[in-house]
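A.B. asks: Okay, handing you the structure first.
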Amino acid sequence: MAMKTVWIVLLCLFVIAQADQGGFDVRHHLSTVTRYSVSKDVTQNLIEGSKVPSECTPIHLNLVARHGTRSPTKKRLRELESLAGRLKELVRDAEARNLPSDKIPGWLGKWVSPWQGKVKGGELIRQGEDELYQLGVRVRERFPTLFEEDYHPDVYTIRATQIPRASASAVAFGMGLFSEKGDLGPGRNRAFAVTSENRASDTKLRFFECCQNYKSYRKAKEPAVDKLKEPVLNKITASVAKRYGLSFTKQDVSSLWFLCKQEASLLNVTNQSCELFTPSEVALLEWADDLEVFILKGYGNSLNYKMGVPLLEDVLHSMEAAIKAREENLPPGSYEKARLRFAHAETIVPFSCLLGLFLDASEFEKIQKEKPLELPPQPPKTRDFKGSTMAPFGGNNMLVLYSCPAASSPKYFVQVLHNEHPIAVPGCDGKDFCPLEDFKAKVVTPHLKHAFDNLCNANLDDPKQNHPSGKLSFWSWLLGSSQKTEL
């Protein structure tokens, strides 16, 4: 009878613990390290798509996509090698203090980096290849009339940055998009072109590397960003050290959180490093990562996204060229039907900001008036700006241009899809589908007042220069950052 009572108590405790977790899955909380399959169907900011009139047909598609899931970079590989030695040192110290062995996670002292001995990193891994391949398949299935023509590089333009994981993503996408369209191999693949511009002059996809003022901003701001994140790391370090009786430092916890993201995202392992943290601690660590993205890549400073105007202009020009071809009744195969781009989180986040995604109407009005936005609120408060949904591995924005019957007015419309789903666009009155002229007037034109060279190469210390970053945001002078490897 006593044993039965014990089992009932244990069962109750288990149920309570499960309820406290609330179905928590750490893989949804990895900021920009989140896998596309995990993030794609998250409903945050997504809406029920507009009912596109059946007589309207898509005539052009713009895609801006981040590369797929990649391995840790070389610098991070070295950090993980060092972490393995550090964990063994912590366990030896605990044993010397006679800490009960059942308090120490069993894997800790035996852990070896899954990437041990690897000297190069950052490449697209197989899961990333599949993410982009399947995306290519789905895009063709969703817009069959756009991709029914024979391939020509001027009809289906594919561009990538010079970074190998971006160009590899473009290749994987193209293999899915054009599968069974050729005669190569058992999959009936076909060859296709992927073009890249020199990384030092690629103002459309690597504007963050071409913009000197932005690089100076990041370099100057990192210390203050770290200072904003420090209270979170200090609090979690103290909690984790107390929970396990180990002498964890702030750097240890930072490395373990990085390991958690890599294990959960790349290896689908959630029962080792990720289990060191409670769900509330994971939420705080995710917020700290998102805070950095917000300040250094997103709405935290207007320069972060206004330097992406060449990309926005390129999107608009491609639409206008498609309309011109249609108005002139050019024959099929003589004009572009899709412009497909593959880049980085530093590209996707600013481009999403230019579109005003993940903002309400009042916030959208603020960024168009070059006023600062509040920082994302700390958990448990909710927030719209999340790296896991804005720029996961393989994250993307599609802008689809539709032509409607000549009798209708207006004649051309734009639909905005984020990660393949309709999303509210404040400049389209909170809809995903609006007249092209409204999109141009409310979304594009307000950003065109600042030329790229003036934004990026002007002397910001010169009071005669009309540069927005000096007046845009309180954070633009308070906060700090440095240039980092692109994501």
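Even glycines carry a Cβ here, placed using N, Cα and C.
Marked as disulfide bond by TrEMBL: Cys56-Cys404, Cys260-Cys274, Cys428-Cys434. Per TrEMBL, the feature signal peptide maps to 1-19.
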A.B. asks: What residue among the disulfide-bonded residues Cys56, Cys434 has the most other CB atoms lying within 10 A of its CB?
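C.D. replies: The most densely surrounded of these disulfide-bonded residues is Cys434.
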A.B. asks: With Cys274 (disulfide bond) as the reference Cα, tell me which of the disulfide-bonded residues Cys404, Cys428, Cys434 is the closest one.
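C.D. replies: Nearest listed residue in space: Cys428.
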A.B. asks: List the same-chain residues at least 6 positions away in sequence whose Cβ sits under 8 Å from the Cβ of Cys428 (disulfide bond), in sequence order, or say none.
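C.D. replies: Correct list: Val414, Val416, Cys434, Asp438, Phe439, Lys442, Val443.
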A.B. asks: Sort out the sequence-distant neighbours of Cys260 (disulfide bond) for me: same chain, 6+ apart, CB within less than 8 Å of its CB, listed by position.
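C.D. replies: In sequence order, the residues whose Cβ lies under 8 Å from that of Cys260 (disulfide bond) (at least 6 apart) are Val26, Ser273, Cys274, Leu276, Phe277, Val282.
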A.B. asks: Counting other Cβ atoms within 10 Å of each Cβ, which of the disulfide-bonded residues Cys274, Cys404 scores lowest?
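C.D. replies: Fewest other Cβ atoms within 10 Å, among the disulfide-bonded residues Cys274, Cys404, is found for Cys404.
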